[in-house]
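**Student:** Okay, so TrEMBL annotates it like this:
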COMPBIAS  703-723  compositional bias 'Basic and acidic residues'
DOMAIN    50-157  domain 'Transglutaminase-like'
DOMAIN    220-347  domain 'KY-like immunoglobulin-like'
REGION    1-21  region 'Disordered'
REGION    703-743  region 'Disordered'
Amino acid sequence: VTVPDFEVGYPKPKPPRDRKKDIYKPADYAHIDNRVRQQQASLNTSTYESLVNSLTAGCTTDLQKLRAIFVWLYLQNIHGSFYSRVTDPHTPKGYMKVIKTNHGSYASFFAQLCRAAAIPCNVIRGVGKGDKYVTGQQNCDNMESAWNAVYVAGEWRLIHPLWSFFQEKQTYENGLSPPAGTKRSSIEEFYWLTDPDAFICFCKSNNDEWQLLGLPWTEKKFLNNPHFTEEYFTCGLTLPNTYNALINCDTCNLLIAFEHEKYIDPTIDGRVEREYDNNDDRATSDMDMTNYVVTSSSSTKKTLVVRFPVRGWYYVDIFGGLDNAKPKLVSFRVHCQHRGKDPLPFPLNPPEGFGITQTADRYGVSDPEPDTGIILVRQGQQKRFVFTCMQKLDAKATLTHIKQNSDNLADCITTKTSDSQLDVLVNVPDESPLEFGLVIAVRKENERGDFTVVANYLLVDENWQKNVATVPPSKDEVKHQNKDDTIRRKLIAATNGDNIETLENAIGDFEHHGLDDEGDLTRAKNKLVHLHLDNLRRTTSERQLAELEKAIDSANASHVAPDLRDSDEMAEAEKTRQQLKRLKLYLHKVLALNKATIAEIHSYQRPRPLVHQVMKATFRILGEPNSRVQNWTRVQNSMRQLGHNSMLGRMGKCDVVHLKKTQVQDAEFYLSDTNIRSVRMVSAGAATFYVWSNNMISEYHGKNDEKSARNADNRNGDTKRYDFNSAYSPSPGPTPRDELKSR
């Protein structure tokens, strides 16, 4: 059966604008998966049309249909079924028989199923880093593979059914489709709708435009790229794009550094094996490399350091990430050509690596200074290590050396603790090699028992970096003169900064030119999300309306707006903005008062009781003591204040979040037996202060909204009228609690 790889009339290939996470959330398609699992045995497979119609019944989008087809294909036991009665290869069962005889492929079968559902689907042929690929190999032998490009949700997407369904990442042999493999217990979701910049790390199309990248990769770049695993792309670590799979190292030390976000703590570990060399009698392939491989951590970086004991070829596998299982993330092949004296192992190789340990949190130890686990020192130098503590601790520090006993170095260390700080001072001894391990351990003050390690450090000669190979970039990456490199460097620089506008512009420029992500764009967007959330939290806390509106508008117009709109920070910011707008509207009525009106109120020698009650409530909200507002003369004095202490100035600065419960309770009492109509009949100016006070009380209780603010003038229009006598003495009156007693 000949299945054409391409169909006429399909949309032209171009990079997708959205990422996989933007269009596909597994939880939204769980019901599709479950329905297909329940119905797959009863579906009509006599023709492609009957199968697809029953399989996609109830699906409302092409993506739902595509998922149903994909899950159904995974559930088929193609290689374990018998097809003795199947004679027509143009049916689903017939093509399954073709696959079993290695004359058909999962990619072609998937294409036929999608086309029957009117979903554009092409078969893409190229090379893939399958199980037969050897890290660092410089040719494409045994790498032939096939996968699919599917047009769904308005974009072309990449899917590799075979590698999704089977544990082995098999490739073609002698032009025949791969043989049966071991079926996965569940679908490997990485190869479903894979983002092109991640997919290219595993498979490269023979046709450049079907890489779906803004700048297609050459064969050389594909082969030189590090040998990643699927787990790398969700591990929380990012490897800068200067690393190659094949590394030439002319020193005895190799450093491979990963970056990560500040507020996550992925792990890292390494395994190094030496290739057996018939011409070298000094080492075998099973050489123990345990003390020649160490790791170091800082707040934003994880580093693997390898020391090669002898010259030769090595395989370096790196494990870790956010998963406790520590899966393999990436592999390198290293050629060490160091010609100097064979180096000694590291003086210390702690399981937690160098840097502050995760157990430090249990003792309230944090904020190490210095932050990194590898420290450059010189002989005779005093090096200080400082930590923040939450409690008083007993501390012990130990210095180790490859040739010296730790007891002989004990006098070189001083520890000092307080309720808030742990200090360790090291006088760097004169030893050769100038390389030490420092272990810092603590326990609760005056507590018996073992000390717990909270930090490890590797102290090395300040000239150590001369003997460390930081992996050089490839020749293509050395040429930073072209525009694309400039744009990428601009994005990386903006990511390392804290300016939202600069980062937004850099991301926009990067996306406009269609550059490959390679981790840079993802890292930039993650940083941008954190910056916007921090900005929303800050402006919400400061409660300045203009700044808050600027922060909200900036977030809504951001390149990462979808990640911000449903956040708790955005919800709180919107809530605060609406409240501040209402407070501004309340104050506007007061500021619009004629000065003569205010002057009239404080000119009263014996005001009507209603006026005094309103001003009591107003000044109580402004923070005046309850005893002071009882005396009209004191109220008058407060109204006569000028500048920052003026009545209107204080009202402008008054924020409902700073009100105390007693203030609001007293103000409520003063206004409890009146309404806006009664006050307005006595004094229009007092009525304005009544509305402001009443709104502040409602705002405190969370009862107001924009509509109620706009209709503030009509508030309480039908409530009970105030009924004080017209005569009123200016002498101090009872407190609200005294009045409640008398009533």
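Numbers run from 1 along the shown chain.
Each Cβ is built from the backbone N, Cα and C atoms, and glycine gets one as well.
Nobody curates TrEMBL annotations by hand; they come from automatic prediction.
Give me the lay of the land around each of these features.
**Tutor:** Secondary structure of the domain 'Transglutaminase-like' (50-157) per DSSP, as helix, strand and coil residue counts: 40 helix, 20 strand, 48 coil.
Long-range Cβ contacts of the region 'Disordered' (1-21) within its own chain (Cβ-Cβ under 8 Å, at least 6 residues beyond either end) map to 89-90, 94-95, 98, 103-104, 108-109, 111-112, 115, 120, 122-125, 149, 151, 153, 155-157, 193-196, 209-210, 212-214, 514.
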**Student:** In the region 'Disordered' (1-21), how many residues does DSSP assign to helix, to strand and to coil?
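**Tutor:** Counts, helix then strand then coil: 2 helix, 0 strand, 19 coil.
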